[in-house]
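Colleague: I'd like to ask some things about the structure below.
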Amino acid sequence: MKILVPVKRVIDYNVKPRVKADGTGVDLANVKMSMNPFDEIAVEEAIRIKEAGKAEEIIAVSVGPAKAQETLRTALAMGADRAILVETDEEVEPLAVAKILKAIADEEQPGLVLLGKQSISDDSNQTGQMLAALMNRPQGTFANTVEVDGDAVIVKREVDGGLETVKLTMPAIVTTDLRLNEPRYASLPNIMKAKKKPLDAKTPADFGVDITPRLTTTNVAEPPVRQAGEKVEDVAALVAKIKELGIA
Amino acid sequence: MNTLVLVEHDNASVNDATLAVVTAAAKLGEVTALVAGSNCGGAADAAAKIAGVSKVLKADDAAYGEGLAENVAPLVAGIMADYDALLAPATTSGKNIAPRVAAMLDVMQISDILSVEGPKTFTRPIYAGNAIATVESSDAKLVITVRGTAFEKAATEGGSASVEDASGAGDAGISSFVSREVAKSERPELTSAKVIVSGGRALKDGETFESIINPLADKLGAAIGASRAAVDAGYVPNDYQVGQTGKIVAPEVYIAIGISGAIQHLAGMKDSKVIIAINKDEDAPIFQVADIGLVADLFNAVPEMTGAL
C-alpha cells in the first residue's frame, strides 16, 4: 500500500506572529518558516507504518509556493520516498487543497492519507475531513493511535471527554493529533540523500482545480490586549482578593 | 435566512456548547435544531424548549447513535437543501462533521467564529489567537463552527418548537464505532465551568498534581485544567488540556498554577474574565495577562491558600 502525506509550510510555531499595520494580514516577510507540527507527526506515523512492513511507499505532497520544496525535502529526509509540489503563489483554501489532494489520490490510489489535524496558521481544521468527503471515504480525525489491520485501520481518537476508537475500511483518511507520536529528526546523511529523491512539480491547473478563494479576508487585527494587573505580596493578600471575587 | 443548528447531545439532554450556537444562529435568522442520534427523543424534546428554536428535526436511527461523520454528514447535507446556513459547535464532534458537510455542499467552512458581523461576515481567530480575521463568504450556503465561549448561552426554557422526524441514508457502511473511554470526573465540565484551577509542568508528577491542585479545586468547586506540558508529561489525561490544540475556555476565574504562559496555552484561556497566576518566575509571560499575580513557590503557596479559603 501507498501512504499519501500532505504537508504545509507555515510560520514556525515558536515565532510570535505580528499583524501588519494596514490590516491586510500577518507579516511573513523574513520570518522563520517550518513544517506544520501536526504534519511532522503525520510523516512520522507514515514512516512507522512502513517500517512495520505495512506500507511500501510514502508520497509527501505540498500545495504552496516554490519554497514549500524545503518542507518536502524535510519530509524526504525524515523517510518519505518521493514528493509532489503543487506550486502556486496564491493562498489556497482547505476546500481547494482537498480537491487537489483528491486528484492526486485518484492517480496514486493510496490506502491511507495521513494529514495533520490543523495548520497552525489558519487554524481551520478542515482539509482532512473535506478530502474524506470528496473521496467518499471514512475519516479518523484527531488520531491518538493508528493501527493498520488487514484492509481496515483502527483509529483511537482524542475527543471531548476522553478517547474513542473507530474502525475504518481502507482507503481511509486519518488526521493526527499531538500525542500520536514524537517525530524523528532528519540526520545529516539523510538530508543529503533526500536531495536526490524525486520531486515532481505540478500546478493546480494540472489537476483542473479552480483555486479561487470562496472567503475574502477583509481585515486582520490584533486581538484585544489584556492589561497586566497587579501583583500581590503574599498568600493572605491573594486569598483576600479571591474572596472579593465572590468565588469562595 | 433559514439556519440549521447541529445539536450536540447525549440522547437525553443538549450540551452547553449547542446553546451558544443557537444564539449565534439566531443572529442570522430562524433557527431549526437537528438532533441526530439513536433513541434521542429526550434530546429532541430538550432542544424544543430552547428559547429561540422554532423547529426541531429528529433523525432517530441506530446509524447516527455514535455520531460517525460518515453517516451523519450525508444526513445533514441532504437536509441543507432547505437551509441557507449550518452552524455547529466547534467541539471535537462539530469539527469532525461540519467540514465533511461543507465539502459535500461544495462550500468553504468558516471555523470557530467569535462574532457575527453581517449576514455573510464573521470574525475568527488565526495563528493561535494572535490575530483576529474578519472574513466574508461568497458561497451560496454557509457552513460555520461556533466558539462556544464567544456567545451567550440560549435559555434552556421558554421555547415551544414542534418536533418533526427527519431521515437520511443511514449507515454508509465504511466505518464503525468500536469503543469509548470516558475520563470520569465528578467536577464541573471544563468548557462550561465558572472557575478553573489549572496546573503546569512545575507540578512535578501526577501524584503531586493531585495533592496540590485537587484540594484547591474542591474548595472552589472548580474544574481542573492543565497545560500541554503537564499532559505530555502524563500528570493528567489529555482532555484536561487547555490551549490551541486542547480546549478553549473562558471561565469567570482562571487560576494558573506553575504555568509559564506559552502562546499555545494563552490561546485557550485568555478570554477568561479574571486570570490569577501563581508562579515563582516573576518574568513568566503569564503575568502579562494575569489580573492578579503572586510570585511564590507553589508548593508552599497553594496549600496555604487552600487552608485559608
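Even glycines carry a Cβ here, placed using N, Cα and C.
All annotation found in TrEMBL is predicted automatically rather than curated by experts.
Just lifted these from TrEMBL, have a look:
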{"type": "BINDING", "residues": "B:ARG201, B:227-228, B:241-245, B:258-265, B:ASN279", "note": "FAD binding site"}
{"type": "DOMAIN", "residues": "B:3-181", "note": "domain 'Electron transfer flavoprotein alpha/beta-subunit N-terminal'"}
Colleague: Inside 10 Å of the Cβ of B:HIS265 (FAD binding site), count up the other Cβ atoms and send me the figure.
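Modeller: I count 28 other Cβ atoms within 10 Å of it.
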Colleague: Would you mind listing, in sequence order, any of the binding-site residues B:GLN244, B:ILE259, B:ALA262, B:HIS265 that have a CB less than 8 A from a CB of chain A?
Modeller: B:GLN244
Colleague: Just to confirm my parser: what is the rounded mean pLDDT across the domain 'Electron transfer flavoprotein alpha/beta-subunit N-terminal' (B:3-181)?
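Modeller: The average pLDDT of the model in the domain 'Electron transfer flavoprotein alpha/beta-subunit N-terminal' (B:3-181) works out to 97.
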Colleague: Count, for each of the binding-site residues B:GLN241, B:GLN244, the other C-beta atoms lying within 10 angstroms of its own C-beta, and report the residue with the smallest count.
Modeller: B:GLN244
Colleague: Please compare the binding-site residues B:ILE259, B:ALA262 by how many other CB atoms fall within 10 Å of each one's CB, and tell me which has the fewest.
Modeller: B:ALA262
Colleague: Would you mind checking how many other C-beta atoms are within 10 angstroms of the C-beta on B:ARG201 (FAD binding site)?
Modeller: 17
